[in-house]
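Heads up, the thing below is written out as structure tokens.
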């Protein structure tokens with residue numbers, strides 16, 4: 001017999017799942033590391049994001065496959081359009097935003113030398129936005145499972161997403177590893193809200209209204225934004241002349257994501 005989790009407790013669980021992203025963000029307070037360690041941090045972030053991209057894309061494709069399996073061709077077509085469109089918007093949206101922010105930063109520089117939004121900070125912001133979209137989808141899963149009374153599944157989801165978010169926080173601050181100044185608490189707090197806050201919001205929406213089709217759109221947007229950010233981080237790695245450290249870091253990052261996923265699967269077994 002299932003017991004429905006109360007709305008207040010569900011929101012609290014969603015908050016906990018999203019708040020752990022702050023643990024990874026705390027590394028942003030680290031003083032500028034040695035160049036090789038900086039390159040390794042960037043490579044690990046790439047690995048984490050590659051794993052996250054595969055995970056997110058699976059979340060977007062699964063409802064599409066379900067529609068095909070049930071011979072609901074109209075729904076399958078709709079979800080296909082949302083998947084492709086979401087990927088395109090996720091990539092091109094960040095391309096447009098980054099171009100706009102660069103132009104705006106150039107204008108601000110002409111007026112005043114004081115400008116906190118460095119290229120590294122902008123990259124962290126783009127990462128936070130992409131991960132926030134992904135976390136909204138995770139929140140939908142938490143909210144819908146809690147509302148249906150699946151207590152054990154909800155618990156596993158919260159623990160799993162909390163673990164994932166801790167590693168994702170590290171990915172967000174990786175571009176700041178070469179900065180001469182530590183990231184401010186204000187900046188880290190803003191990144192936590194942008195990336196972790198959508199988990200709570202998604203939990204509220206998932207409790208009130210569940211839609212697999214909506215989740216396809218959000219996961220596709222997240223996947224597209226991750227592609228853009230990974231491409232940018234590869235450019236950073238090229239400038240850093242990371243060499244073999246790039247591959248070592250990618251392996252570490254993917255392995256970290258995989259291990260957290262295995263913990264979730266074992267807990268759900």
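Numbers run from 1 along the shown chain.
Including glycine, each Cβ sits where the backbone N, Cα and C put it.
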When you get a sec, could you say which of 163-186, 187-210 is annotated transmembrane segment by TrEMBL? 187-210
State, in range form, which of 6-27, 187-210, 216-236 has the highest count of Cβ pairs under 8 Å to the transmembrane segment (39-57). 216-236
Determine which residues of the chain contact the transmembrane segment (77-97) at the Cβ level, with the cut-off under 8 Å and only residues 6 or more beyond its ends counted. 60-61, 63-64, 67, 126, 129-130, 133, 213, 216-229
Same-chain residues at least 6 beyond the ends of the transmembrane segment (6-27) whose Cβ lies under 8 Å from its Cβ atoms: 131, 135, 138-139, 142-143, 146-147, 154, 157-158, 161-163, 165-173, 188, 191-192, 195-200, 202-204, 207
What else in the chain is close to the transmembrane segment (216-236), if you only count residues 6 or more beyond its ends and a Cβ gap under 8 Å? 42, 45-46, 49-50, 52-53, 56-57, 59-60, 63-64, 79, 82-95, 123, 126-127, 129-131, 133-134, 136-137, 140, 174-175, 202
